Amino acid sequence: MTWENWTIVSEFILVSFSTLSSELQALLFLLFLTIYLVTLMGNVLIILVTTADSSLQNPMYFFLRNLSFLEIGFNLVIVPKMLGTLIIQDTTISFFGYATQMYFFFLFGAAECCLLATMAYDRYVAICDPLQCPIIISHRACAQLAAACWFSGFPVAIVQTTWIFSFPFCGPNRVNHFFCDSPPVIALVCADTSLFELKALTATVLFILFPFLLILGSYVWILSTIFRMPSAEGTHKAFSTSFSHLLVVSLFYSTAILTYFRPRSSTSLESKKLLSVSYTVVTPMLNPIIYSLRNSEVKPALRRVIHGTLGPQRL
């Protein structure tokens with residue numbers, strides 16, 4: 001095929017949930033809008049509380065604050081456009097807009113995978129080697145680890161996005177998804193993408209599967225240490241703080257792994273959309289809920305911040 005036979009694609013059409021009835025799309029809009037607002041408010045609240053309360057100035061809440069920033073960014077990249085496709089049927093997205101959304105999706109996604117692994121490492125040091133924890137996880141080390149997590153997403157985002165959009169597109173521009181992920185748009189490329197797909201699989205293993213295995217290894221040591229603790233109070237506190245993170249990891253990675261590591265033949269496009277909704281929309285909402293409702297330090301800190309903010313106005 002020659003370049004003259006290729007159609008220049010200037011925009012894409014996100015199929016999203018357009019196959020559903022208008023009434024069901026309206027219900028989904030209300031549901032996703034509610035989840036979106038709860039996600040923003042919950043994560044902003046986590047950031048404010050962990051910043052304002054002096055009792056939460058430790059590595060665990062420093063990384064939790066970074067996770068909330070990531071979740072806010074992740075949602076801002078995906079959800080507003082999805083809401084637009086549901087309520088005003090704005091399904092078109094420019095070539096540049098698609099590339100931009102995909103870039104930030106890769107950026108925030110890779111950074112979150114690394115940050116969840118870093119949080120597991122912090123829990124491992126705090127529980128398995130508490131005496132060395134202030135030295136190993138110092139303020140400087142926290143800043144360096146957080147910066148490494150944030151910047152880890154840049155290479156994969158730049159390389160994958162640039163590589164995908166260097167391919168020629170033959171003309172079909174309907175993307176059967178609700179956001180700009182790479183597998184649906186690769187299906188529209190009229191060139192051999194086998195090398196890209198191999199490299200993309202390698203990157204997926206590095207940024208999803210490898211951190212997940214590190215987290216599992218950390219929690220094997222953490223749980224073995226917890227069960228050997230002589231104090232019931234110490235066991236309960238260690239298990240409580242670890243359980244919140246483990247639950248967040250399970251929600252995020254289970255759906256991400258099912259999305260990107262299942263054989264294509266066994267995964268319908270609609271089921272893949274539902275899995276994607278889980279880790280892009282639902283999990284960011286659950287994170288602040290899990291960390292606040294199950295955490296004996298966050299709840300009183302939240303009450304102190306609210307009392308300190310509203311208390312003077314009542315006087």
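Just so it is clear, glycine is given a Cβ too, placed from its N, Cα and C backbone atoms.
What TrEMBL records for this protein:
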type     : residues : note
DOMAIN   : 42-291   : domain 'G-protein coupled receptors family 1 profile'
TRANSMEM : 26-50    : transmembrane segment
TRANSMEM : 62-83    : transmembrane segment
TRANSMEM : 103-121  : transmembrane segment
TRANSMEM : 142-165  : transmembrane segment
TRANSMEM : 201-222  : transmembrane segment
TRANSMEM : 243-262  : transmembrane segment
TRANSMEM : 274-293  : transmembrane segment
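Computed over the domain 'G-protein coupled receptors family 1 profile' (42-291), the whole-number mean pLDDT of the model equals 84.
Sequence-distant neighbours of the transmembrane segment (274-293) (same chain, 6+ residues past either end, Cβ-Cβ under 8 Å): 32, 35-36, 38-39, 42-43, 45-46, 64, 67-68, 71-72, 74-75, 78-79, 82, 177-179, 181, 244, 247-248, 251-252, 255-256, 258-259, 299, 302.
Remote same-chain partners of the transmembrane segment (201-222), defined as residues 6 or more beyond its termini with a Cβ less than 8 Å from a stretch Cβ, comprise 109-110, 113-114, 116-117, 120-121, 123-124, 127-128, 152, 156, 159-160, 238, 242, 246, 249, 253, 256-257, 260-261.
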